[in-house]
Amino acid sequence: MNRFKTSKFKNTTPKIAKKDGWINNVRAGSFSCQGNHIKASSKLVAFNTEQAGGGMLGLSSVKPGSDGQWTVTQISCHSDLVTDMDFSPFDESLLATCSGDETVKLWRLCDPELQQPSSPELTLRPGHGRLELVAFHPTSSGLLAVGATKSPLLWDTSRQDAPLAVLEQHGDQLQSLSWKQDGSLLASSCKDKMLRVFDPRAQLTPVQSLQNNKDSRILWAKDDFLITTGFDSMRGREVRLWDMKKLNSSLSTVSLGTSSGTLIPLFDDDTGLLLLAGMGDTAIDCFEVSSSEPLLSQVSHCLADTSTRGVAMVPKLALDVMSCEVMRVLQLTDSCIVPISYQVPRKGSGQEFHDDLYPDTVGTTPAMSADEWWQGGNKQVEKVSLNPNKQPKPKAAPAKEMPAKKDKCFFFFIDPARGCSTSSSPLSTPSSSAAPSRSPSSTSGLSSGFLPSPSPSQSAKAIQNLLGPTSKFRHIQGAVMHRDTHITNLRGLNLTTPGESDGFCANSQRVAVPLAISGGQIAILERSQPGRLPDTSMPTIQNSVNVVDFSWDPFDTHQLAVAGDDAKIRVWQVPEGGLTETLTEPEVILQGHTEKIYSIKYHPLASGLLVSSSYDLTVRLWDVDSGEEVKILSGHQDQIFGMAWSPDGKLLATVCKDGKVRIYDPRKSAEPVQEGPGPEGHRGARVVWVCEGKYLLVSGFDSRSERGLYLYAADSLSTGAIDTAMVDVSPSTLIPFYDPDTSVVILTGKGDTRVHIYEVVTEAPHFMPCSSFNSPEPHKGLAFLPKTECSVRDVEIAVGLMLTKTTIEPVAFRVPRVKKEFFQDDVYTDTAVCWEPALTASAWLSGMNGHHKKISLKPKDMTPVSEAPKEAPVRKYLPSSVYLEEKTDEQKKEELLTAMVAKLGNMDDPLPQESFEGVDEDEWDD
């Protein structure tokens, strides 16, 4: 901005949100630390609280919930004061915290209304005393700058044993750290009044340093400019602008009066706007930084209603660009968080996108890994447009599974080196530009780089040898069905069901959903009546106590068993056609447990037989028809995470917090017949029988809180898991659904957006990964329907119902096939009639066994694909000899001359000037 050019941001106006737009229920204390006390991603807001001596963080969301209110929750992070925090620029849910307890922790956070993780993904212990500062690198994934008392450290989170570098020790307390926008340099300010600029990859000592003012903060501005805030010799607050190339004196200085609170600087690189908020003040000033005079010019002076405890800037991707909002800050006060929006007054605001206000901003995909940066890489994060009409489609995450990577490596015969496989830390976002690696085949064959064309049989054998076994379901596709099948406008959903509960349950006719209404109420929704639910209250099942788990009878679509926190199980009968009035009297009450119940499961073969687990550490079997307790199983030493009946209904498996997996034969013994070591983590687990009951699949956590799958041989539990597959890091337990017809297991957790799919086989590798399904927003649960609900014409192998905050949406999992007009008999084996009982509870208790009859899913008008007429293969490509044929020099010259002559045209044609007519001789005389 100069005297001849007017800045487009000179009229930027701060707008303090109305009180109904504040985030309340905040208890922010006054702490002695160097952080800003609040940080925001495009989705979440984390802030210091006075609870637990400052060791807890408050958490809320940037946007309010569907009811227009903000949910505020707390996370217990450290045993001492949380001194600083920072969100990853590439993952809106990944938060790094540091503390006076000398540790740095990385947390994978959920929506505030969901249960937060009880332990971090990663803990770093630098051993340099109290830690004050933490900052993610702006271009590289998994790279942190950590400020100890007197030394900055660099950490690659994939290498937890030691830091990448320990920079030169400062003379006093480290006060701030700031990465340059391109990630090449790191600046620090210190209580010894010195500013230092480091090039950590070149040397551990500063490349520039200078004397500065007292109690300063430092921040990189655009290009090579540095901004510092602090106090002058008269205790007056001031802000200075420096050129890194000329640090002998500041370029510009602005005084902001006297006050004892430190000035917190925030800078927006896209607009050049600088925000200054004083700790304990009510004033917030906005300046524009320019490369020409005046270098610092004030844009606005905002007076807030309450004093500032901290301030954070919301990422650019979360702004309301249609309202010409160019910056938004969150002011942390003692009891609330106040959003302040900075908007540029424009005609057409709210209707048009003003591209002159919004240059492309940095995206959320890292340019490289921490290791690539440390080796000298200087790639920059790809920029994205803020225009709503030009928002880039989300890129599919690179597959972690190695077989999929190798698929690419093999099939490109012409350039076999093009495919590559890279590995990354689970905490690092994969780089978008991995260096290619040569495949084994790229060093052999003809010198021209071509490979001889293999025969089909040779090719198939080579693929099998290279990739190992692959699943025929690896390209499975999940898709949400048409909106006409959705149940919408679901209100008052209970999101606090225990971790042992699936959250909701469904059968072929109706869905049961818990409501957050007093009295433990459950809504019963008919699947035959999709659409928008009425805004008015609807009839429910009223249990009079809080609901902990519930399950439909697999043989009676009208019977629902509900476990309450009063240690009772109530069995309800839903009338034909659904509820027309609220039910208050159950058909049967099962009573025997002495403490609250964990979970309940119906027997898969015997009608009216139910099993339950409880805080009293017992598992009890019930005859629902008689209302009597028939068996009590013991042997557990801690919380029972999950139970599962074997497919033949003879055995019961459990997984427990005491680190054991057990198998019971309830009709023979009250003690387990087998026992073995379970997952090391104690955050939750589930168990399911797979591969015709020969194996147990347990989903749980390891000692580092990473989610994983553990496979046990059912006849030798004591030897431990025979195979393990680690999945990802997330706080919620993976809930498995197993399809015995295809041996496909589908897993997801409450609050997840990703559904993981594996085929489980009896030989190594036991877990064959398939394509996953991603939902657009976190779901609260996934319940699957009987196999008869699948459309065999669309090659659906599973159909589930996905519960969100306000809807229930059917999701179909389909296998892509070319000849869909044929019945895919290799996918659809005869399926069990699991909706009909094989025997009664009394018969099973007397020692009888049974099995389900099976039926074919083939429609009468479809022919099995195995009987489809064979088609002659059609060669789609020319043989390699065509490409490898070499031409002589004479042939090449002849082709070149022919091409040149064709461009010049026919040489026998007359030239254009030959047709021109001249003038008569007498005309020249005129």
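Numbers here mean position along the shown chain, with the first residue as 1.
The backbone N, Cα and C atoms fix where each Cβ goes, glycine too.
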Residues flagged as region 'Disordered' in TrEMBL, choosing from 383-402, 623-642, 763-782: 383-402
Region 'Disordered' according to TrEMBL, located in which of 7-29, 904-926: 904-926
Structural state census, the domain 'DUF1899' (466-531) (DSSP three-state): 5 helix, 22 strand, 39 coil
Other parts of the chain folded back onto the repeat 'WD' (167-199), taken as Cβ under 8 Å at six or more residues beyond its ends: 34, 132-133, 135, 137-140, 145, 147-154, 205-220, 222, 226, 228, 230, 242, 244, 247, 269, 373, 378, 380
Long-range neighbours of the repeat 'WD' (633-665), counting only residues six or more past its ends (CB under 8 A): 499-500, 598-599, 601, 603-606, 611, 613-615, 617-621, 671-680, 682, 684-689, 692-693, 696, 698, 700, 712, 714, 717, 733, 740, 838, 844, 849-851
Helix, strand and coil counts within the repeat 'WD' (633-665) (DSSP): 0 helix, 17 strand, 16 coil
